[in-house]
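Taking it in order: structure first as structure tokens, then the write-up.
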Amino acid sequence: MIHTKIVGVFAVALWSWITMVDARFIGGRGVEKYVTFGQNYKLIFTWISLQVSISFFLTLVWLLRTCTGAGFESKNIYGSGLFQMRIKVPGGNSGGVVTAFYLTSLGSNHDEIDFEFLGNNDGKPITLQTNVFANGEGNREERFLLWFNPIKHYHTYGILWNPYQIVFYVDNIPIRVYKNQNGVNYPSKPMRVEASLWNGDAWATDGGRTKINYAYSPFIAHFQDFSGLSGCYIDGRSDNVATCGSSNYWWNGGKYQWLSGYEQKIYEHIRKKYMNYDYCTKYQSPPRECY
């Protein structure tokens with residue numbers, strides 16, 4: 001047990017020694033069974049001053065004052081792959097708090113593939129928002145009210161990214177597919193895997209009308225399973241991802257270029273029952289990727 005006085009706003013709990021529950025659900029091979037946080041990830045302190053306390057199984061990041069957020073990122077940069085994390089999001093009165101798991105490139109015209117959990121106050125459901133940025137262009141939000149309460153237990157969230165499609169998975173179930181079709185702006189820059197907990201009360205809850213109430217801090221997000229990275233490494237000095245489209249990587253193979261018939265049926269059911277916002281519906285003539 002670590003005895004630490006919590007004097008700040010946010011805390012991120014990072015379980016650092018766990019049993020793998022990762023890429024094997026769609027055929028991953030050769031992934032280490034036990035992986036510590038430090039083998040695949042590093043903390044990023046760019047937004048705040050932090051005090052870090054570490055035990056053998058648990059890393060805690062305490063934010064010492066009212067501030068914007070905290071996060072961590074993968075040590076490697078990737079050009080394709082399957083990326084997963086087990087997450088339990090903050091409960092209680094978490095309106096305005098955003099918990100995110102995503103891929104992102106550097107630069108203003110960046111690529112990004114997002115899971116974002118939009119906090120809410122007691123008794124109101126947490127919204128899961130997904131988004132895709134390509135060459136700096138975003139505004140491709142889809143939102144879901146999940147079939148479970150994401151504050152109660154850990155669930156596995158996965159992003160498959162290859163030259164053919166992006167698939168968002170929740171507990172191995174596809175909830176969103178973004179296809180690389182002719183005329184579609186598609187993420188193609190090298191990206192890191194990141195996770196963060198931050199102040200999004202300008203927009204996240206009730207369109208920004210609900211602000212963070214710091215009387216209910218600390219807000220704690222839990223992340224597990226740091227072995228869930230199956231990807232093609234990119235040299236940090238290069239932006240060439242072409243070799244990461246090779247069929248030698250299992251996640252680029254034929255059965256990962258589209259959903260199976262069984263997956264398609266589940267996908268259609270989930271979207272019909274649990275999706276409550278689709279950016280495609282706001283256009284008279286939707287973008288090419290909406291078809």
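Note that Cβ sites are derived from N, Cα and C of the backbone, with glycine treated the same way.
A sphere of 10 angstroms centred on the C-beta of GLU112 (active site, nucleophile) encloses 18 other C-beta atoms. The active site, nucleophile annotation in TrEMBL covers GLU112.
DSSP assigns GLU116 (active site, proton donor) to a strand. The feature active site, proton donor is assigned by TrEMBL to GLU116.
TrEMBL lists 13-223 with the feature domain 'GH16'.
The transmembrane segment annotation in TrEMBL covers 6-23 (among others).
Feature annotation from TrEMBL assigns transmembrane segment to 44-64 (among others).
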